[in-house]
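According to Swiss-Prot, the features are:
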ACT_SITE  272  active site
BINDING   201, 202, 203, 204  ATP binding site
REGION    1-327  region 'Ribokinase'
REGION    354-488  region 'Cytidylyltransferase'
């Protein structure tokens, strides 16, 4: 990769992005389902916990901040609890400023997902789709336009980006010399005419143009149709999932960018990361092609993340330099980093499992245990004893492999999603911190003797005893290696 892409993210910290669009509160309600309602043939969810996140245009702004830029968010909320929750979350982001219009007659858009295990049972939307106060929105937009470098219009068809607001915002940005990126929702792409770049996904492009199918030629045809629909639109970037991206710049041949993900764990939030990266790159003078190439790298990073939907400038620099050669590195985290990852998993309703051990000289017994552990959950955390902890448990000659090597080997296994080192004699503190849904140990234990089983069972979790492979142990391996050779 050339130096241009590697240098761009370092300049993000001085860039400011104005995000105008539909701001939402995403709420997740988790619980257990173990019976059907006697009133109707529907499941009964016993609610256990709730989490909330910035959604819609708010998530684009959060991605800008995560990449090192500053975001100014313009949208509308109601005078209600959901609106106040959104404001509080924004206030906690130091690089995110808001100019939200509070409309007492309007409900804050709120999406509530009811989740049991790894299954979404129901989504309930509270929203007003009527037109928001365009005059107030444009006043807030124009008040901040001069201080920013680029504009993102995040359209979720909730009444903020009406045709009138779109035309006025694009015209004002053009007059001020600010690039405009559109993440569209309307099937009528002509309403985004005059923007610098439009970023539909494959489905949105097909619905807007009528061009359907797969492959590079189809994507190029769809991109050309988009530019024909909006004669003053400079470029179209169609995101195509595993097929990568297709960029069409007016007057130039289309360019197909293959997907860069080393491994795909979670695609949630990838579109917002792409929009934020495009905005920051264009703000720093990148060409549409270089901006798209960098956004493609960012998409590859974010879908390889475990339960998170943001990337950092440092990660982009490393990948652009070709330094991100080992995807296993992303699976090794300290406790704080791991807790953030696990929170992301839980926000998506994934069942979290935990097991632990020294894992010195990995053997088939270890692999079998880890495979059984992963089969019992959606995401598996492995607590790994540090070198000092192993030495206290096993004696001064252990471990054979240092903790860095042991962690890397574990992280390279597909069954393992996260590796966290611990220095104590037992993983009890990790178990209390992570609160796994499933705790797994070998069948040489009983449920009662598994460390942390009382904690997990007390909050309704499950303890699984994995079957062992006979004769497989690190101690036996070391003994055989140290035994004198027989014969000549």
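Placed from the backbone N, Cα and C atoms, the Cβ positions cover glycine too.
Averaged across the region 'Cytidylyltransferase' (354-488), pLDDT in this predicted model comes to 87. When DSSP labels each residue, the region 'Cytidylyltransferase' (354-488) comes out as 54 helix, 26 strand, 55 coil, counted as helix, strand and coil in that order.
Here the CA atom of residue 272 (active site) lies 15 Å from the CA atom of residue 202 (ATP binding site).
Residue 203 (ATP binding site) sits 16 Å from residue 272 (active site), taking the C-alpha atoms as the reference points. Most buried of the recorded positions 204, 272, judged by other Cβ atoms within 10 Å, is 272.
Rounded to a whole value, the Cα-Cα separation of residue 201 (ATP binding site) and the residue listed as 'active site' is 11 Å. The two recorded residues, residue 204 (ATP binding site) and the residue listed as 'active site', have Cα atoms 15 Å apart. Remark: of the binding-site residues 202, 203, the most isolated position is 203 (fewest other Cβ atoms within 10 Å of its Cβ). Counting every protein chain shown, 17 other Cβ atoms lie within 10 Å of the Cβ of residue 201 (ATP binding site). For the ATP site, the Cβ centre of 201, 202, 203, 204 serves as reference, and the other residues of the chain with Cβ at most 8 Å from it are 200, 205, 206, 207, 238, 239.
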